[in-house]
Amino acid sequence: MKFFLGSALFLILTFINLVRAEFEFITPAEDSRWARGFTYAVKWKQPTEQFVEIALQYADSNNTLITSSGVIPSNQTYWMVKIDKKWLMKMDNITARVVAVPQNGTASTVYVGPQVLLANTFYWKMVVDVSPAFSVNPIDKKLAIGLSVGLSCCILIVLFLHFATRRERRILKNEKELEMSSYRKH
């Protein structure tokens, strides 16, 4: 008896999950921000029904309809919606919900999708990790100045020695030329 109840419960929960997973939204993400005047796409995985209707409704207790897509054939898995100013009802922000109603000829089930925030303006939401102000260690600053001055002086000394001893560093082709040149001078 215990085994039968456990397997029956498993089958019921599996059926509930299958019914809930029948219609799955891909976009928008939960709590997305949709700005007035912009066009957004509502995408979903292809359902088993022939036709589907997607709607945007206010997330209040009345579930007032904002706009609807009309009947969409099953081979189309997106709906483009442009946010209108009158949907905001003279407010700055308002929460809406995307819903789907598969049209299968019988009593249709309403599948509730993600909530979106309809907004009057568009902005990027940036999350900035605030770290403490960057402080320069005075020893590091002195070390950087000292190293750069010291290396510059070394380079200048090497260049000076290179150009100052240029005549003494000549390489002669062979030793006889050296002897001949010193013999003629005497």
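Glycine too: its Cβ is placed from the backbone N, Cα and C atoms.
Keep in mind the model is a prediction, meaning the values are calculated, not measured.
Pulled from Swiss-Prot, these are the features on record:
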CARBOHYD  Asn62  N-linked glycosylation site
CARBOHYD  Asn75  N-linked glycosylation site
CARBOHYD  Asn93  N-linked glycosylation site
CARBOHYD  Asn104  N-linked glycosylation site
SIGNAL    1-21  signal peptide
TOPO_DOM  22-142  topological domain 'Extracellular'
TOPO_DOM  164-186  topological domain 'Cytoplasmic'
TRANSMEM  143-163  transmembrane segment
(message) Across the topological domain 'Extracellular' (22-142), what does the mean pLDDT come to, as a whole number?
(response) 79
(request) Pull the DSSP breakdown for the topological domain 'Extracellular' (22-142) and write it out as helix, strand, coil residue counts. (result) 9 helix, 55 strand, 57 coil
(message) Which one is it, among the glycosylation sites Asn62, Asn75, Asn104, that lies nearest to Asn93 (N-linked glycosylation site) by Cα separation?
(response) Asn62
(request) Provide the number of Cβ atoms within 10 Å of the Cβ of Asn93 (N-linked glycosylation site), excluding the reference atom itself. (result) 11
(request) Look at each of the glycosylation sites, Asn75, Asn104, and point out the one with the fewest other Cβ atoms around it within 10 Å. (result) Asn75
(request) Write down the Cα-Cα distance for Asn104 (N-linked glycosylation site) and Asn62 (N-linked glycosylation site), rounded and given in Å. (result) 25
